[in-house]
Amino acid sequence: MKFINFFVIALMAYANCAWAKTFTRCSLARAMYALGVPKSELARWTCIAKYESHYRTHVVGPANTDGSHDYGIFQINDRYWCKPSNGRSSHNGCNVYCDDLLEDDISESVYCAQHVKSKQGWSAWTTWAKCNGNLPSIDECF
């Protein structure tokens, strides 16, 4: 019986990953531009998404040292920016449920990421160090 339970859970996890969206650098740049993100910021956002989630929408990061988790294509933290489904306390600065940041429709993720940037700048993402001064071109995306 334990094997059957494990098999069902594994199958559900696989199905969830199989149906989740994975962007490319260009498809993400175009989607964000369509949502009103300035073209001058798109190279930065695509670089952050590359290192945070490999352009995948469904990623929930492992527990951080404080027990918080990061969600979605931009790995938004649940201690400060989104409300986790487990009921744990959060500042919820973006006024969004963390699970909404895992959707294929990235509008909530983009809104929240822009809000985080407006409060903390690009350095809110530790991966920014990999991008700063080494941005990918998005010219061929448009």
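Glycine too: its Cβ is placed from the backbone N, Cα and C atoms.
The model shown is predicted, which means the values in this text are computed figures rather than measured ones.
Record features (Swiss-Prot):
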- 1-20: signal peptide (SIGNAL)
- 21-142: domain 'C-type lysozyme' (DOMAIN)
- C26-C141: disulfide bond (DISULFID)
- C47-C131: disulfide bond (DISULFID)
- E52: active site (ACT_SITE)
- D70: active site (ACT_SITE)
- C82-C98: disulfide bond (DISULFID)
- C94-C112: disulfide bond (DISULFID)
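The structure, with features from Swiss-Prot marked on it.
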residue : record         : DSSP class
C26     : disulfide bond : helix
C47     : disulfide bond : helix
E52     : active site    : helix
D70     : active site    : strand
C82     : disulfide bond : coil
C94     : disulfide bond : coil
C112    : disulfide bond : helix
C131    : disulfide bond : helix
C141    : disulfide bond : helix
Integer Å distance between the CA atoms belonging to C131 (disulfide bond) and C82 (disulfide bond): 25
Disulfide-bonded residues: C47, C82, C112, C141 - member with fewest neighbouring CB atoms within 10 Å: C141
Least surrounded among the disulfide-bonded residues, given as C94, C131, when other CB atoms within 10 Å are counted: C131
Distance, C141 (disulfide bond) to C94 (disulfide bond) (CA atoms, angstrom): 29
Under 8 Å by Cβ from C98 (disulfide bond), same chain, sequence gap 6 or more: H69, Y71, G72, I76, D78, C82, K83, P84, S85
For the domain 'C-type lysozyme' (21-142), mean pLDDT (0 to 100): 97
Between E52 (active site) and C141 (disulfide bond): CA-CA distance (Å): 21
Cα separation, D70 (active site) to E52 (active site) (Å, whole number): 9
Rounded Cα-Cα span from C131 (disulfide bond) to C112 (disulfide bond), Å: 20
Residue pair C47 (disulfide bond), C26 (disulfide bond) - Cα distance, angstrom, rounded: 11
Residues near C26 (disulfide bond) in space but at least six apart in sequence (CB under 8 A): I138, E140, C141
C-alpha spacing of D70 (active site) relative to C131 (disulfide bond), in angstrom: 19
